[in-house]
Amino acid sequence: MTAASPPPIARRRRQRDAERTRAAIVQAAREVFLRGDYHQASLSDIAHRAGVAQSLIHHHFGSKKGLYVAAVHAFLAELDEDLKGIIQPVVDTTGKNAPEEAAAFISAALTAYFRFLSANEQCVRFYRILDLSMHNDPDLVAGLDELDDQGREMSTLHLMRAAHDRLTLMKERGQLREGVEPLPLLSAMLCTVEHWFTSSRRLNHRLSQAVGRGGAGCQGGIAPEEYLRTVVEVFLRGALAEPGR
């Protein structure tokens, strides 16, 4: 004889309980992973924070790496709509038609990403820890690549591709300087913006010691808006072809 299946109400209750348990584990994992890199995080600590047995982590996620990927996915999914709301209008409407709008696209893209990171301090911290974890454990990259093909953050990847397509169009129109290619340019734009939030405090502190400049609300005497204006100017002058050439 086969055991009778549980009634629908009991099945739904078990499913809700499992979903709550999974969500509690992911939330606890995010808190623990944000304190340090991947290798410093302890599954026993995560289980304690989530109020579950450690065996349930293995049941739901298979391994520490599986849990890490799930936590990354959950964090990026939350940020996705905010980033999309800021960047999508730039990709959709700026610099599509007239050649002179090439400068407007680069300026708007740099400014939009800078504003997004300014408003999401935890995102910056997460990016820093994610970079460290991927550097220390290259195998994590494979898991994150798999996640990219399945997760809700795909719209973020779509925005990157759309920005790259826009720069490629500018290249085909002769709007980029000779030797400036779309992919390295996009990488440089993203990395230069992220630098302010990940490394500038340390570097600008040393600069202020070297040149003696300081000021309230600044990092080493350089205000965020001053840095952004300089970045925009450097990219406009360094990436765009000169008119008539």
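Glycine is no exception: its Cβ is also placed from the backbone N, Cα and C atoms.
Distant neighbours of the DNA-binding region (42-61): 18, 21-22, 24-25, 27-29, 31-32, 67, 70; these residues of the same chain sit at least 6 beyond its ends, with a Cβ under 8 Å from one of its Cβ atoms. Here TrEMBL flags 42-61 as DNA-binding region.
The domain 'HTH tetR-type' annotation in TrEMBL covers 19-79.
The region 'Disordered' feature in TrEMBL is assigned to 1-21.
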Per-state residue totals over the domain 'HTH tetR-type' (19-79) - DSSP helix, strand, coil: 50 helix, 0 strand, 11 coil
Integer mean pLDDT for the DNA-binding region (42-61): 94
